[in-house]
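K.L.:
I am attaching a structure below and will ask some questions about it afterwards.
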Amino acid sequence: MKNLLRSLRDLFLKPSVRIGLGVLVTGGFIAGVLAWQGFNTAMEATNKEEFCLSCHTMHDNLLPELQKTVHWNNRTGVRARCPDCHVPHDFTDKVARKMQASREVLGQLLGTIDTREKFKEHRIVLAQREWKRFSANGSKECRACHDYKDMDFDKMRPASQVAMRKAAERNQSCVDCHKGVAHQLPEMKGARNPAFDTLVSSAAGQSVDAGKDYFLVVPQELYADEGMTKRIGAIEVATQVKVLETKGDAQRVELALWRKNKGYGRVWYSHFGLNITSAVLDKEVALDASFVKVLDTKEDPMTGLEWQQVTATAWMRKGSVLDSVEPVWSIARASYSSSCSVCHRQPEEAHFDANTWPGLFGGMVSFTSMDDDTARVVLKYLQTHSSDFSTSHGAGSPDSALQTARP
Amino acid sequence: MNNQASGRTAPSGAEPSGRKNEWPRFLLLAFVGLPITMTLAIAAYGFVVWFLQILFFGPPS
């Protein structure tokens with residue numbers, strides 16, 4: 001060690017004996033130029049699309065998807081290559097990103113995502129990392145090719161103009177709205193909204209008294225028997241049920257809902273005249289008069305359809321109800337205001353009625369990254385806070401409307 | 001200092017390594033040693049920035 005240090009010191013501090021200063025400097029200069037050139041060439045080589053695609057995971061999964069998009073093949077012949085979007089363009093961030101790739105090399109060696117199935121499963125994690133990166137840098141990489149200041153909004157398709165003008169005003173990150181421009185979006189179905197986990201754990205701690213009303217915090221299967229072997233349908237989140245008894249892992253609940261007297265009457269709604277889905281039963285069960293009791297029949301003046309007030313009892317897994325529906329709505333509210341305010345201000349819940357929301361929501365939800373469960377809760381939240389329920393809009397809740405309508 | 005000064009005034013002097021190995025050592029240093037050091041330093045810089053991003057800054061803005 002000491003020897004090494006000494007020879008190093010000698011190397012740097014002892015003047016040379018036989019080589020002239022000019023030769024030394026020139027030699028050093030040439031070496032420097034070559035080294036820097038070599039370094040840049042190496043950097044560039046790892047920034048080529050061929051390099052990205054030399055890992056078969058990338059080649060098999062991402063390339064065919066990119067090839068279907070406008071970034072691969074278009075009218076103007078400008079191609080976006082993998083690194084154009086995925087590697088930062090300035091030196092420090094680029095070097096940091098290259099070093100970060102050591103994790104990817106490790107993943108390659110361990111085969112973390114070496115099959116299509118494994119890749120699809122892990123994809124959401126990878127995509128979320130990229131989304132976070134793009135949102136932190138304002139989609140800098142996209143804007144190296146197309147930026148707001150160079151856009152002629154009048155030439156855009158009418159569908160794009162409003163949203164894009166607003167985006168430019170706010171200087172918003174492209175990937176906030178343009179997710180999945182280059183690849184298939186990850187499957188959101190497997191993704192779970194972590195907010196629900198806290199709900200489920202508080203539901204596990206909820207003490208339940210027979211004869212009282214509770215609200216579901218997660219969708220549940222319904223069974224005909226307490227052993228929970230014969231499935232007869234499913235019940236939606238936020239549906240109100242009356243708990244009758246608890247036996248082992250099972251709970252017998254009473255549903256008091258509405259359905260349309262049309263077809264099999266499989267879909268049950270929470271309110272008369274409103275398409276707020278609360279439970280979906282199997283066909284045979286829905287037709288079974290010994291299971292379903294019809295309490296009342298009314299005609300909806302809007303559609304001329306006859307609605308039945310129905311009740312039934314069924315078994316479901318215990319530990320999934322709360323005595324208040326508010327915690328469910330607060331998750332829905334948070335998700336609604338974060339996901340639906342990206343392109344426009346989120347509409348007032350009470351701006352539309354309960355039967356209009358599903359159509360509007362269905363057209364919009366694909367723009368967001370909501371998973372299926374969350375989307376269902378948010379839709380239900382919007383419906384139950386729509387103009388049909390809002391007192392400030394003067395419509396009055398349908399319950400009170402019912403009350404007055406009853407003889 | 002003294003040693004070096006005397007080395008210059010007496011080029012034929014008594015430093016064994018100086019005379020014989022100077023050229024190979026120069027070439028090795030300029031074309032192998034320092035480029036490798038540079039690459040390592042840049043890599044280390046990259047790692048440091050990455051770790052700082054993980055720990056403090058978050059992704060680059």
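Cβ coordinates come from backbone N, Cα and C, glycine included.
Straight from TrEMBL, here's the annotation block:
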type     : residues               : note
DOMAIN   : A:15-188               : domain 'NapC/NirT cytochrome c N-terminal'
TRANSMEM : A:21-39                : transmembrane segment
BINDING  : A:C52, A:C55, A:H56    : heme 1 binding site
BINDING  : A:C82, A:C85, A:H86    : heme 2 binding site
BINDING  : A:C142, A:C145, A:H146 : heme 3 binding site
BINDING  : A:C174, A:C177, A:H178 : heme 4 binding site
BINDING  : A:C340, A:C343, A:H344 : heme 5 binding site
REGION   : A:387-407              : region 'Disordered'
K.L.:
Starting from the Cβ centroid of A:C174, A:C177, A:H178, which together make up the recorded heme 4 site, report each further residue of the same chain whose Cβ lies within 8 Å of that point, ordered by sequence.
P.N.:
A:S139, A:C142, A:A167, A:Q172, A:S173, A:V175, A:D176, A:K179, A:V181
K.L.:
Where does the mean pLDDT land for the domain 'NapC/NirT cytochrome c N-terminal' (A:15-188)?
P.N.:
89
K.L.:
Could you give the Cα-Cα distance between A:C343 (heme 5 binding site) and A:C177 (heme 4 binding site), in whole Å?
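P.N.:
So the alpha carbons of A:C343 (heme 5 binding site) and A:C177 (heme 4 binding site) sit roughly 7 Å from each other.
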K.L.:
Including all protein chains shown, what's the count of other C-beta atoms within 10 A of the C-beta of A:C52 (heme 1 binding site)?
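P.N.:
Around the Cβ of A:C52 (heme 1 binding site), 18 other Cβ atoms lie within 10 Å.
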K.L.:
Using the Cβ center of A:C340, A:C343, A:H344 as the heme 5 site position, which other residues in that chain lie within 8 Å, going by their Cβ?
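P.N.:
For the heme 5 site, the extra neighbours are A:S341, A:V342, A:R345, A:Q346, A:M364, A:F367.
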K.L.:
List the other residues in this chain whose Cβ sits within 8 Å of the Cβ centroid of the heme 1 site residues A:C52, A:C55, A:H56, in sequence order.
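P.N.:
Filtered neighbour residues, in order: A:L53, A:S54, A:T57, A:M58, A:H59, A:Q108.
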K.L.:
Rounded to a whole number, how many Å is the Cα of A:H56 (heme 1 binding site) away from the Cα of A:H178 (heme 4 binding site)?
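P.N.:
That comes out at 26 Å between the alpha carbons.
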K.L.:
Cα within 10 Å of A:C82 (heme 2 binding site): which of the binding-site residues A:C55, A:C142, A:C145, A:H146, A:H178, A:H344 qualify?
P.N.:
none
K.L.:
Which of A:C55, A:C142, A:C145, A:C174, A:C177 has the fewest nearby Cβ atoms, counting only those within 10 Å, among these binding-site residues?
P.N.:
A:C145
K.L.:
Other residues with Cβ within 8 Å of the Cβ centroid of A:C82, A:C85, A:H86 at the heme 2 site?
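P.N.:
In sequence order, the nearby non-listed residues are A:C52, A:A80, A:R81, A:P83, A:D84, A:V87, A:E141, A:A182.
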K.L.:
Work out the three-state DSSP category of A:C55 (heme 1 binding site).
P.N.:
coil
K.L.:
Counting across all protein chains shown, how many other Cβ atoms sit within 10 Å of the Cβ of A:H56 (heme 1 binding site)?
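P.N.:
The Cβ of A:H56 (heme 1 binding site) has 10 Cβ neighbours within 10 Å.
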K.L.:
Note the Cβ centroid of A:C142, A:C145, A:H146, the recorded heme 3 site, then list each other residue of that chain whose Cβ lies within 8 Å of it, in sequence.
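P.N.:
Neighbours found: A:A80, A:S139, A:E141, A:R143, A:A144, A:D147, A:C174.
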K.L.:
Can you count the other CB atoms that lie within 10 A of the CB of A:C85 (heme 2 binding site)?
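P.N.:
Excluding its own Cβ, the number within 10 Å is 19.
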K.L.:
Have a look around A:H178 (heme 4 binding site) and count the other CB atoms within 10 A of its CB, chains all included.
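P.N.:
For A:H178 (heme 4 binding site), the count of other Cβ atoms within 10 Å is 14.
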